[in-house]
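Peer 1: My questions all concern the structure below.
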Amino acid sequence: MTKKQLHLVIVTGMSGAGKTVAIQSFEDLGYFTIDNMPPALLPKFLQLVEIKEDNPKLALVVDMRSRSFFSEIQAVLDELENQDGLDFKILFLDAADKELVARYKETRRSHPLAADGRILDGIKLERELLAPLKNMSQNVVDTTELTPRELRKTLAEQFSDQEQAQSFRIEVMSFGFKYGIPIDADLVFDVRFLPNPYYLPELRNQTGVDEPVYDYVMNHPESEDFYQHLLALIEPILPSYQKEGKSVLTIAMGCTGGQHRSVAFAKRLAQDLSKNWSVNEGHRDKDRRKETVNRS
């Protein structure tokens with residue numbers, strides 16, 4: 001049996017350079033993540049990892065919050081170099097002293113190495129102590145001019161494999177405005193201006209997934225015109241959402257009760273987008289009226 005390879009990214013670097021954002025980014029990329037791993041525990045932890053999937057991936061923040069960091073890290077890295085079945089890289093996050101000082105002042109936190117309270121002194125000492133580790137790092141990212149979003153994008157470009165790059169998923173959902181707009185929606189579209197099947201007795205108790213209602217909604221000229229404009233708006237911007245590192249884009253179609261018009265539109269949009277993207281279709285309020293009637 002072929003031994004599975006473990007992929008490890010050790011995230012380290014200057015305090016305030018963005019390690020928290022980085023570890024969150026790795027989690028979004030499908031890595032198992034741990035923040036503030038004591039260096040001495042790292043080899044033992046890797047031995048205890050139960051490999052359940054092909055090519056398991058770990059991202060661990062190892063930094064100077066562990067008091068033994070500087071005395072242990074070199075020996076630990078030497079041990080990892082000789083460990084079979086392990087592919088590991090060091091990601092070092094850095095930033096200019098001026099920017100680090102500004103970030104500390106913004107958060108009103110003290111630097112862990114600033115014994116006398118002077119932030120700049122702590123930064124200079126940390127930079128001196130971390131210089132050998134920075135020189136060993138395969139990936140050095142300067143976050144001085146990067147926003148958190150830009151850092152996430154940078155890490156996604158460097159550490160996403162082909163499968164991860166294609167993991168962008170679209171959630172297309174319908175909802176009723178009377179029950180509130182979905183709090184997780186990224187894009188919200190209102191179709192309440194269209195003719196409402198609710199006022200036709202033969203369609204009232206059906207939903208937009210049923211053919212008679214779907215045909216009634218979509219066969220109106222204004223429905224087709226709006227849908228074509230909607231598709232022309234959404235399709236060109238999807239690659240940009242993916243490029244920005246967004247893992248899930250939620251598109252919500254709303255009508256009054258979330259039973260007829262929005263359901264039909266969400267159904268059609270999901271079908272069309274699924275030709276080129278990974279799409280999930282959902283209808284939050286489709287059966288809400290039926291459930292209310294049954295309870296009464």
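Every residue gets a Cβ built from N, Cα and C, even glycine.
As annotated by Swiss-Prot, ATP binding site applies to Gly13, Met14, Ser15, Gly16, Ala17, Gly18, Lys19, Thr20, with the evidence given as sequence analysis. Residues annotated as GTP binding site in Swiss-Prot, with sequence analysis given as evidence: Asp63, Met64, Arg65, Ser66.
Mind mapping these onto the model and telling me what they sit next to?
Peer 2: In this structure, Gly18 (ATP binding site) belongs to neither helix nor strand by DSSP; it is coil.
According to DSSP, Asp63 (GTP binding site) sits in a coil region rather than a helix or strand.
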